[in-house]
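J.: Please see the structure below; I have some questions.
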Amino acid sequence: MKYVGAHVSAAGGVENAPLAAARIRARAFALFTKNQRQWRAAPLKEESITAFKRNCADHGYRPDHILPHDSYLINLGHPEADNLKKSRTAFFDEMKRCEQLGLKFLNFHPGSHLGKISEDACLSRIAESVNMALDRTASVCAVIENTAGQGTNLGHRFEHLARVIDQVEDKTRVGVCLDTCHTFAAGYDLRTASTYEATLKAFDRVVGLKYLRAVHLNDSIKGLASRVDRHQSLGQGALGLDVFRRIMNDRRFENMPLILETKDATIWEQEIKLLYGMIKGAK
């Protein structure tokens, strides 16, 4: 079964995120468990945790179909010691919040070398950061998101993801979220049946489909190999609709969160309906 949703607002408290997801008829959702543009946040209140779990249960959202995303400020491969420590502290806090909410995943962007250290050194720091967070938590899986490769961000090559995973000690608690826009912008074509299959085979060969935990469903404003991260509504960008039709009919994407982060949140409900309508045999 396919579990499609969107990255919804948690304004007013995390307990509101499942309600926002239900309003757009989502079967999965993503959220920030704190303000994504601030380093610090007040601890989660017990009443918010209880209400979040109750609202998820009431609307049929299981933990494995919910994809929390960490703060955009965090850089787990930061070349400077003080900022690396700050990022690691914040990432650990995000992992703990996910545990408190009974969630299974934490989606994160790998990190950036900022032109100050080598790619290999940065990737090793990212893996070390993940290991430190996993050592201090019990159950949450660290889900690395592939990137478009904008600026000095790493994660745009499948080899980057593999190098991090290779250095993570607990392989049962690391996974990958593939973003269709990022994949395309990084130079992996998805537009035709043959290029779609070639890209997935490359991912399986280099990283392993066994590590795939989630997908971000986004069209791309920019073209193939642009290395620019600009999301577009489905079918309105350079990717087109065919890739999303293939994903919705591909058994490799069963039983995982398939999350919209498209440009216009006001049409997410229509996009979800569009995606489910793409399934062969759908009424």
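Note: Cβ is positioned from N, Cα and C throughout, glycine not excepted.
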J.: What does Swiss-Prot list, out of GLU46, GLU47, GLU128, GLU145, as binding the same Zn(2+) 1 as HIS69, HIS109?
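T.: Of the residues offered, the record points to GLU145.
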J.: Looking at the Zn(2+) 2 binding annotation from Swiss-Prot, with GLU145, ASP179, GLU261 already listed, which candidate in HIS78, HIS113, HIS160, HIS216 is the matching residue?
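T.: According to Swiss-Prot, the candidate sharing the Zn(2+) 2 site with GLU145, ASP179, GLU261 is HIS216.
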J.: Hey, for the Zn(2+) 2 site built from GLU145, ASP179, HIS216, GLU261, who else sits with CB inside 8 A of the CB center?
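T.: Once GLU145, ASP179, HIS216, GLU261 are set aside, the remaining close residues are ASN107, CYS177, LEU178, THR180, CYS181, HIS182, VAL215, ASN218, ILE259.
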J.: In angstrom units, rounded to an integer, how far apart are the Cα atoms of GLU261 (Zn(2+) 2 binding site) and HIS231 (Zn(2+) 3 binding site)?
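T.: HIS231 (Zn(2+) 3 binding site) has its Cα 7 Å from the Cα of GLU261 (Zn(2+) 2 binding site).
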J.: List the other residues in this chain whose Cβ sits within 8 Å of the Cβ centroid of the Zn(2+) 3 site residues HIS182, ASP229, HIS231, in sequence order.
T.: THR147, ALA148, ASP179, CYS181, ALA185, HIS216, ASN218, SER220, VAL228, ARG230, GLU261
J.: Taking the Cα atoms as reference points, how far is HIS182 (Zn(2+) 3 binding site) from HIS69 (Zn(2+) 1 binding site) in Å?
T.: 16
J.: Can you tell me how far the Cα of GLU145 (Zn(2+) 1 binding site) sits from the Cα of ASP179 (Zn(2+) 2 binding site), in Å?
T.: 7
